[in-house]
């Protein structure tokens, strides 16, 4: 009896302890909770938990944090997959910890600098994912002695412009006209705006950068990352290679005063002839002048039916007197007058181009969060030969046929030429240089939710773009990477994106630069950690 008592007693104690352990164990953790725990196992700044920068769906602030960076209500529906975690990084340590935990828990990473990705790739995914929000990573350091700026990826264009103007009346930076756009995505896709004919793209004035790779290693300059990677992230989409931490940019000179204008003409007022002439003039006129077209269907004022209104929106680096001499010589049909011209400081012209009310304060450029009021689809095209008057008339009628007012398809036409034609197509990853007359951005907006309504308007947008095929580039039909379009093609979720599988959109966005981008990707991010439905794949 004594022989069996000790082992039996010992066995009973072990079973009891196991039962107690099971009964006292916490319930299984969710993916977000696992991620928070993982963050706090990573090295931190001054002992402060990394998880303090993160929110998960059970936090009351989660929805606000998510929606502050959602620019398109199409991707805010109940059916849209939400992130497991949003990490609002403040330091590089937070970014490194986020990358590490995504790898450990097999979660995709989405990097959001401003949230303006046209297909929502910076804040949506078909598989479980985490958003790395760069909103707080927004320092801007200006050195007027050498006319350079270090700008972190989460800073907005409006913040950049405002800070430049606070230091100088005669400096600017060539980038977009939407002040809420984040520098991270805008610059890495190319970055174009109303100074492009004079100075080219944003990437043509980026002289250095800092990037963190999939192992958390930071490359502090272009020499450290290598000139091939520095080439790739200027126009090839930085998010396919790593987390862009900051850019070093070179400022450009502008006059103390510039001139802006906006003229509107309908078909009855000669819009077809004017647009036809614009195609001949806008890409070759004095490069100090940029004239954008906005083409929209409207209701006729006198008789029933619809017509087309064309707005000629101009930016001139100089005063009205010289501008009028140029237009009288090169574009007299526009009938631009001194009364049409508005003289402004460059920073004030940024307010005008952002469509803020006349005399709105420049402080509006610092506003970063916008009210999400509508649903939309955007696409792009490049035109490489002027469209005939007959072609323009057909396009205008097709726009009317595709516009169930008050909803409508409409377009912006942005002239190329000038500096853009002087830069080689392989100088940066942005390939669309010489040989293009102008770029088209297609718009379709609607204001009510619903899957059926969305399919209706997406079908209209696709049908109209298909109707534009005879007038735009071919083999491939080129597209602007920053104006993402899933209709061009996507890769399946996961690690298996291949060179051939991604070629359908790779050729449209990058043409002859695509293969080089893939080879650089294979060296710098060989596991394809930084991936999305339209990312650069590894060579396979």
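Every residue, even glycine, has its Cβ placed from backbone N, Cα and C.
What Swiss-Prot lists as signal peptide is 1-24. The disulfide bond annotation in Swiss-Prot covers 38-101. The annotation N-linked glycosylation site is assigned in Swiss-Prot to 59, 325, 496. The feature domain 'FAD-binding PCMH-type' is assigned by Swiss-Prot to 79-254.
All features noted in Swiss-Prot, drawn onto the structure.
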residue : record                      : Cβ contacts under 8 Å, 6 or more apart
38      : disulfide bond              : 97, 100, 101, 104, 105
59      : N-linked glycosylation site : none
325     : N-linked glycosylation site : none
Quiz item: Roughly where does the domain 'FAD-binding PCMH-type' (79-254) sit in mean pLDDT, to the nearest integer?
Solution: 98
Quiz prompt | DSSP-derived structure type at residue 38 (disulfide bond), helix or strand or else coil | solution = helix
Quiz item: What number of additional C-beta atoms lies within 10 angstroms of the C-beta atom of residue 101 (disulfide bond)?
Solution: 26
